[in-house]
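Q: Attaching a single structure in structure tokens format; questions to follow.
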Amino acid sequence: MRNIFIVLIFLFLSNCSEVKAQDKKYEGKQIIVQEPLQNNKTPQETNQESINSATKSVVHNNDNNQTEEVLIHDSREQKKPEIRPTKVTFKIDDNDMVLGNKKSNVIVVEYFSPTCPHCAYYHQTIFPELKKKYIDTNKIAYVIREFIATKQDLDAAILARCKGDINSFIQFHNIILQQQDKWAYSNKYRELLTDIGQLGGIPPEEYKQCLNSDKITATLIANTNLVAKAPKFIGTPSFFVNGVQTENYSIDNISKAVDKALDDETKKQINF
């Protein structure tokens, strides 16, 4: 009997040990599960952090892609379009300022702006040679037209056209370009232009009347709007030989275009 009692006690103690071991094992599992939450954040907050992290990664990748696209786009934009000959119809009208032979079949149209530094350079260095070769020899009709980009351009162009004749126009045209650095960028440009006009024989009151002339202003705006429609017009100075725009304003390029136009006219006359 005593032996049976001892066996029962042994079995009871063994059973308790197994329960305690299982409890300890279970408690270990609970600790493992709870470890990610030891930073006092709820499961929802932890999940939100994961979402935010993933979002930042996606945005970062998109930014890299967009940067690459911008670089590719910029590299395409840096490629300047090639200027190809573009035919534009230009006819000499009564308001044009023409040098040379008005009846010539070769018409060279120059577009300039009074405040354009490149235009001033052209007229002081390249134009004299062109004038000697083609204008003084009456081979071409050379038309000078204004492209108005600023208020200074408008006021200066009006001064040059104030008298209305070609000689007065050329006189003021040359002075305005030669003195460009003195008046074009001054806050008192109107006063300086008035002084230039007075020295050239245009009193202040007469210049004021010209500034208020709708006819002169309309002519200048019409000239500007016409060339602005040319597909390859890229600014001043620009030149059109029988309606075809030249590559640039070098003496070689302009002479090449003029010589070709003269040769074409000669061939037409022979065939006729």
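Cβ from N, Cα, C; glycine included.
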Q: Under Swiss-Prot's annotation, the disulfide partner of Cys116 is which of Cys119, Cys162?
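A: So the cysteine paired with Cys116 in Swiss-Prot is Cys119.
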Q: Any idea what DSSP makes of Cys119 (disulfide bond), helix, strand or coil?
A: helix
Q: For Cys119 (disulfide bond), what residues in its own chain, 6 or more apart in sequence, show a Cβ-Cβ distance under 8 Å?
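A: Set apart from Cys119 (disulfide bond) by at least 6 residues yet with Cβ under 8 Å, we have Phe112, Ser113, Leu177, Thr236, Pro237.
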Q: I'd like to know the mean pLDDT over the domain 'Thioredoxin' (74-263).
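A: Result for the domain 'Thioredoxin' (74-263): average pLDDT 92.
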